[in-house]
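In TrEMBL this protein carries:
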- 46: active site, proton donor (ACT_SITE)
- 44, 69, 78: Zn(2+) binding site (BINDING)
- 148, 164, 190, 194, 216, 259, 260, 261, 262, 263, 264, 265: NADP(+) binding site (BINDING)
- 162, 178, 198, 201, 257: substrate binding site (BINDING)
- 1-117: domain 'CMP/dCMP-type deaminase' (DOMAIN)
Ligand SMILES: NC(=O)c1ccc[n+]([C@@H]2O[C@H](COP(=O)([O-])OP(=O)(O)OC[C@H]3O[C@@H](n4cnc5c(N)ncnc54)[C@H](OP(=O)(O)O)[C@@H]3O)[C@@H](O)[C@H]2O)c1
């Protein structure tokens, strides 16, 4: 299942509105097929693994990170494909909360004589599926807030000089972060001041993330969709509302890259699920620009709290990742 989860991660940022799923087929102790959700969401992981295994799928065990689908969408149901292929046993990590599936996939397998084991590596699978689960269960994509800052949390000097606070390795890491998100979001002021590319560079043919600018005012000239840039969507209003709208449009994982006013309003609304910080070994002082705008907190108890899940040295900087409690 851990191998299947590693395959599933390949699809993150690439398969919305579908979940990123991995599948490994094992017969007599040997892997006979491997699959993961393909760009745009199909073929599904099971279809790819079954095609690779061919006749070797007969009598095999399928490890699938999410319950196989049961509905006739643009592709036939994967649960039926597993039955037809003669798989003997199916091991899944999570029940699919999508109301079109919700246990129906498992219910197709059992009466066909297939042994089913559920809930294997469930916690890891929940982490991989965080975006999809958020969209189905909360109606909005999961939101990561990224901040690259000095030791004291500043993103520019008082005069506005900000390039570069973190080193080239951390900036490459941000590219990897964009790769596993469906969309990259910035505030209107950042779009106007920096005209950021918000795209993936030097990574070959990849699905570019959707560019989201939160603004009520006209946008500056930003590169058109295609030619190395994803679609450009302008949203505005209350964060609670536009996040639901982004979920309805199919996004599962959104990365906010600032600025401080937008970041603060997302934090105030309790919409930030993950924080990723890059801290550099320089100090900009109280006259430097704060990475996050005012939150208006009177009591410590009201501060949004996060739990540390990862730290890593990246070149001369430190990356730290936190999840909402
Ligand atoms: N070094 C870094 O890592 C980094 C990263 C990002 C930004 N920056 C810098 O930060 C500066 C801009 O940041 P900022 O904090 O001033 O502005 P910002 O957060 O980028 O943008 C704020 C603007 O977003 C729009 N907005 C619309 N609806 C909103 C909502 N519900 N909640 C919040 N905002 C909403 C508003 O613009 P409208 O009036 O258009 O509606 C608002 O003025 C720039 O100088 C940029 O270079 C630095």
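Every residue gets a Cβ built from N, Cα and C, even glycine.
Remember, TrEMBL labels are computer predictions, not curated facts.
Counting only same-chain residues six or more apart in sequence, the Cβ atoms lying under 8 angstroms from the Cβ of residue 78 (Zn(2+) binding site) belong to 44, 46, 47, 68, 69, 105. The residues of the domain 'CMP/dCMP-type deaminase' (1-117), classed with DSSP into helix (H, G, I), strand (E, B) and coil, number 40 helix, 24 strand, 53 coil. Listed binding-site residues: 69, 148, 198, 262, 264. The one with the lowest count of other Cβ atoms within 10 Å of its Cβ is 264.
Among the binding-site residues 162, 178, 198, 257, the ones whose Cα is located within 10 Å of the Cα of residue 190 (NADP(+) binding site) are 257.
Filtering 78, 148, 216 by Cβ distance to ligand 1 (under 6 A) retains the following binding-site residues: 148, 216. It is 26 Å from the Cα atom of residue 216 (NADP(+) binding site) to that of residue 162 (substrate binding site). Annotated pair residue 201 (substrate binding site) and residue 148 (NADP(+) binding site), C-alpha to C-alpha distance, rounded: 19 Å.
Across the annotated binding residues for substrate (162, 178, 198, 201, 257), the two most widely spaced Cα atoms sit 21 Å apart. Residue 260 (NADP(+) binding site) has 162 as its nearest neighbour among the binding-site residues 162, 178, 198, going by CA to CA distance.
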